[in-house]
Amino acid sequence: MGKKQLVLVGNGMAGVRAIEEILSVAKDEFQITIFGAEPHPNYNRILLSKVLQGDTDIKDITLNDWDWYEENNIQLYTNETVIKVDTENKTVITDADRIQPYDELILATGSVPFILPIPGADKKGVTAFRDIKDTDTMLAASKQYKKAAVIGGGLLGLEAARGLLNLGMDVSVIHLAPFLMERQLDATAGRLLQNELEKQGMTFLLEKQTEEIVGDDRVEGLRFKDGTSIEADLVVMAVGIRPNTTLGAESGIPVNRGIIVNDYMQTEIPHIYAVGECAEHRGIAYGLVAPLYEQAKVLAKHMCGIETKPYEGSVLSTQLKVSGVEVFSAGDFNESEEKKAIKVFDEQDGIYKKIVLRGNQIVGAVLFGDSSEGNRLFSMIQKEADISETSKISILQPLSQEAGTSITAAMSDDEIICGCNGVSKGAIIQAIQEKGCSSTDEIKACTGASRSCGGCKPLVEEILQHTLGSDFDASAQKEAICGCTTLSRDEVVEEIKAKGLSHTREVMNVLGWKTPEGCSKCRPALNYYLGMINPTKYEDDRTSRFVNERMHANIQKDGTYSVVPRMYGGVTNSTDLRKIADVVDKYEIPLVKMTGGQRIDLIGVKKEDLPKVWEDLDMPSGYAYGKTLRTVKTCVGEQFCRFGTQDSMALGIALEKKFEGLNTPHKVKMAVSACPRNCAESGIKDLGVVGIDGGWELYVGGNGGTHLRAGDLLMKVKTNEEVLEYAGAYLQYYRETANYLERTSAWLERVGLSHVQSVLNDPEKRQELNGRMNETLSVHKDPWKDFLEDKQTSKELFENVVTTS
């Protein structure tokens, strides 16, 4: 009997969490297919505000990367929307005319932002704040415009406003209520929050109702019902969300505010479940992650036939993610005749605490300025703890006063530390004592604590410190390369050298990896470190590379690939152009585009056509997919330009031919400009060369991406040979001392320009670095030609393996 077909509609946090729970209890029961409307793998939507605020990058909020889907034999269709469920024939139909049968179906369509139905809401410059696309829109706007208006002073609106402030914009927050976050805070806490955020630079317009968004093609401002107005170049709508029930309603699945489900997350149609923000349970649709994960656990067990307690609803807690502000609320914090409040207000230090009691039970809490007791109070609310024999005011006094410096020391083992993932203090202690976890990353890998919003990370570290005592290593909390080991990057590298290790599995076995198979974070890193240390003897582990590097092409959101052949220095000829044109016609490649690195990108190549395309092109790989040298961009130079002082094309071609295929911690881009006019943009490259009278200037650590950084002047040299010598030593030193996935810009800021200069100015060290560089380059093979010669591997990779699409 074959596996049952399980289809998940929605690639977000709730739906994929349900899949994770299913895999944990019945890994081989289902053949899983996932449809996601966005072009990305599953990511942590909660942390988009951190991306906007500049605290993290998009890549860092990915929860399950492309490799996770492949490793679990999951067929992922990104950028594809299910538009109909045929409940009679048990199939789903997508906007790409794909028909997918199912035995079990999970609807996790999430929610959609509420856009005010006012004139001008469709103008350019008006956006919601729900996904990566919205975040990119705001990041792009901040580079061109200066005045932002955020409509909505709730949790999401304030996090968006803080991010826009960090991006250098003037931010006004428009809110209909008389104080901020009125659904989570009382008036006192709301006004304290307003005062704090005003100090950070925000402007607030309270009790304002937006009547119109004004402007021609693009937004220019807001007009309010009271006749006043403000200027704005960007408007962010953060006034709420509503469950996305369109698919359910149009498919005959009963809906109300959300898709109606029972206590096991089943809809009224057999074999169809709903989970997350789209689901309505006992009249409530939840929008926070903790209840959605609780739902996912119940759904998974029920679908797999495992006895489980029903889902009976959730008590909610909220924590604002804005730097420098501590805000927490939980439960029912509004006072009434039946509910009385106890409040503590330290006006001098800006600390406000309030609990709401119904009889002898805490039913709600609000904390401002000091949220350290939030988890403890939330646990008491959830458990409906009887406090009849407790001094009421003592509940608001920090337990740390009675139990040393550790808040968590006084907590019971069943108290929840990570509300998002339902991880208790006892579960964390068990992971430390029984599984040997000794860092927050390892705790995250073992238990899931701090995996979502990250707010509980200080408490997790505190439990580690209290449990391990003198064995606790604070430095290890930040330096372990992943949760599979306690070893730092430097320790791993030293162990590989000392023990002569040559394969990723050997490293994990010998160095005592806690997860035998490793993870998608450590395996590519180990593979890189092994090749960097001993390039002539190590065994490349293709399975430890990211999917683009395994396929030697970039996967696109529709499952096709892009192919970029090498064009040294951005220079081509008629023969190569004819080859490219013939390949485009022969394989019906839908898009041909010039890249920013002066190359030609063939986009939309079918997976099975990749080897044939490479063979017909008969050109070297451009490594557009790898952690390696990408391009060397050049201007036309002194041969043709009236201002050029040097032959930039010749040097660019020499650099690219020397260093092509060089594995590096992250991608490396170079450029050579023939004069200080810098037409090749040498000043924002990892290594940039600028021609001057009588020689060259070398710039390093530049970045033209999200975190724009001008390169630093490394030195001046006179000849092309010196450029190649110093470039080789610089790149080798970067290879040997950078963390895997650390760009040269971040590495240079970490180690310091003066330190790098002192290393490269030492002739002996420079010679040694170039010697190791030349050894590495001596084993380089063009991967496309290598695959064409290795028929067996090519067949396995391009014909038999299930990949994400």
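Even glycines carry a Cβ here, placed using N, Cα and C.
Annotated FAD binding site per Swiss-Prot: 43-79, in sequence order. The annotation NADP(+) binding site is assigned in Swiss-Prot to 193-223 on the grounds of sequence analysis. According to Swiss-Prot, the feature [2Fe-2S] cluster binding site maps to Cys418, Cys420, Cys453, Cys456. Here Swiss-Prot flags Cys635, Cys641, Cys675, Cys679 as [4Fe-4S] cluster binding site, drawing on similarity to another entry. Summarising the annotation, Swiss-Prot assigns siroheme binding site to Cys679 and lists similarity to another entry as the type of evidence.
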If you count Cβ atoms within 10 Å of each one, which of the binding-site residues Leu197, Cys641 comes out on top?
Leu197
Packing count at Cys679 ([4Fe-4S] cluster binding site) (other Cβ atoms within 10 Å of its Cβ):
18
Using a Cβ-Cβ cut-off under 8 angstroms and a sequence gap of six or more, which residues of the chain neighbour Leu193 (NADP(+) binding site)?
Leu158, Leu180, Met181, Leu185, Leu320, Val325, Val327, Phe368
Which of Leu48, Leu205, Cys418, Cys456, Cys675, all binding-site residues, has a Cβ with the fewest other Cβ atoms inside 10 Å:
Leu205
Rank aside, I only need the closest one: which of the binding-site residues Ile213, Asp217, Gly221, Cys418, Cys675 has its C-alpha nearest to that of Ile58 (FAD binding site)?
Cys418
Quick one: Cα separation, Leu63 (FAD binding site) versus Cys675 ([4Fe-4S] cluster binding site), in Å?
45
Distance check, please: Cα of Gln209 (NADP(+) binding site) against Cα of Leu48 (FAD binding site), rounded to an integer number of angstrom.
27
Quick one, of the binding-site residues Gly201, Gly221, which Cβ has the fewest other Cβ within 10 Å?
Gly201
Looking at Cβ-Cβ distances, which residues of the chain lie under 8 angstroms from Tyr43 (FAD binding site) while being 6 or more apart from it?
Ile58, Ile61, Thr62, Leu63, Ile132
Which whole-number value in Å describes the distance between the Cα atoms of Ile213 (NADP(+) binding site) and Thr78 (FAD binding site)?
33
May I ask you to report the DSSP-based helix, strand or coil state of Cys456 ([2Fe-2S] cluster binding site)?
coil
How many Å separate the Cα atoms of Gln53 (FAD binding site) and Gly201 (NADP(+) binding site)?
14
Around the [4Fe-4S] cluster site recorded as Cys635, Cys641, Cys675, Cys679, what other same-chain residues have a C-beta within 8 angstroms of the site's C-beta center?
Val636, Gly637, Phe643, Gly644, Ser648, Ser673, Ala674, Arg677, Asn678, Ala680, Gly691
Counting only residues 6+ away in sequence within the same chain, which have a CB under 8 Å from the CB of Trp68 (FAD binding site)?
Pro41, Ile74, Ser520
To the nearest Å, how far is the Cα of Gly201 (NADP(+) binding site) from the Cα of Leu48 (FAD binding site)?
21
Using Cys456 ([2Fe-2S] cluster binding site) as the reference point, find which of the binding-site residues Leu48, Thr78, Asp217, Cys635, Cys679 has the shortest Cα-to-Cα distance to it.
Leu48
Tell me the Cα distance separating Cys675 ([4Fe-4S] cluster binding site) from Cys418 ([2Fe-2S] cluster binding site), rounded to the nearest angstrom.
56
